[in-house]
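> This structure is in structure tokens; I'll ask about it shortly.
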Amino acid sequence: MASPDITEMLEKSKELDRLRKEQEEVLLEINKMHKKLQNTPEAVEKPGDNSLSKLKMLYTQAKELSESEMSISNQLLGQLDAMIPAGGAGQQRRRIEGNEQKKKRMKGDPDIPRLSPSMRNQQEFFASLKGEQVAARVAQEDGEKDEWVIVKVTHYDKESKEFEVLDEEPGDDEEGGGQRKYKLPWSHIIPFPKISDLATAPEFPPGKQVLAVYPGTTALYKATVVQARKRKSDDYTLEFDDDEEDGSLPQRMVPCNQVVALPDGHRQ
């Protein structure tokens with residue numbers, strides 16, 4: 001049977017593997033964003049484009065994962081130092097952990113990765129969405145189409161970085177007919193502009209493709225802006241894809257707080 005120290009080290013090694021896999025996924029997303037910006041650098045100047053904000057969020061996440069990896073690596077090094085007998089190979093070992101880090105660590109406290117200010121602000125923003133309605137992509141990654149619906153945020157888990165959301169619209173009889181719950185990553189969530197602060201809502205010009213709530217439903221679909229937001233009513237005039245009636249696309253009015261930027265790679 002393995003000793004408690006060895007067992008703990010093996011658990012930390014598994015955690016390192018998980019962190020590295022997450023880093024690989026984030027780096028893939030970063031590379032996709034870099035490719036997009038290289039191909040269409042003018043896109044960031046368009047109203048409603050969130051490419052730079054998304055890239056910043058990805059870099060922040062990569063930095064946090066890297067800090068977590070370093071913290072666990074330092075813990076493993078400390079355990080190995082304690083287990084290797086003094087002298088011989090032990091004299092050649094390198095201590096990566098500096099004195100300043102040692103002073104900051106309280107005896108008996110576990111190593112907790114410190115969040116950067118930008119990451120802390122992001123976490124606080126996500127947590128503040130509790131009770132709010134947001135747009136959420138609930139379809140499976142391998143699905144043929146992206147399914148976006150209005151859901152209510154019930155909880156944000158800072159450890160797993162996942163949202164717990166509730167689709168308040170009753171499901172079909174085949175799905176049990178009740179309200180559905182989902183656990184989703186932040187990349188599957190788009191906050192709506194706040195009704196109390198519409199002055200900060202993004203502006204979408206005519207011809208811009210957006211994601212919007214189809215009138216009378218809780219589902220969001222791809223649409224094209226026909227008329228920009230009207231200040232008196234705060235409504236957009238939109239034409240929804242695949243909404244053809246009598247050979248033409250009807251123009252529909254949608255409140256600006258139910259219109260968001262179209263996600264990259266949207267499938268409909």
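Placement of Cβ uses the backbone N, Cα and C atoms for every residue, glycine included.
From TrEMBL, here are the annotated features:
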COILED    9-40  coiled coil
COMPBIAS  94-112  compositional bias 'Basic and acidic residues'
COMPBIAS  165-176  compositional bias 'Acidic residues'
DOMAIN    124-268  domain 'SGF29 C-terminal'
REGION    84-117  region 'Disordered'
REGION    162-181  region 'Disordered'
> Can you work out the mean pLDDT of the predicted model over the coiled coil (9-40)?
78
> Take the domain 'SGF29 C-terminal' (124-268) and count its residues per DSSP category (helix H/G/I, strand E/B, coil), listing them in that order.
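Helix, strand, coil within the domain 'SGF29 C-terminal' (124-268): 20 helix, 62 strand, 63 coil.
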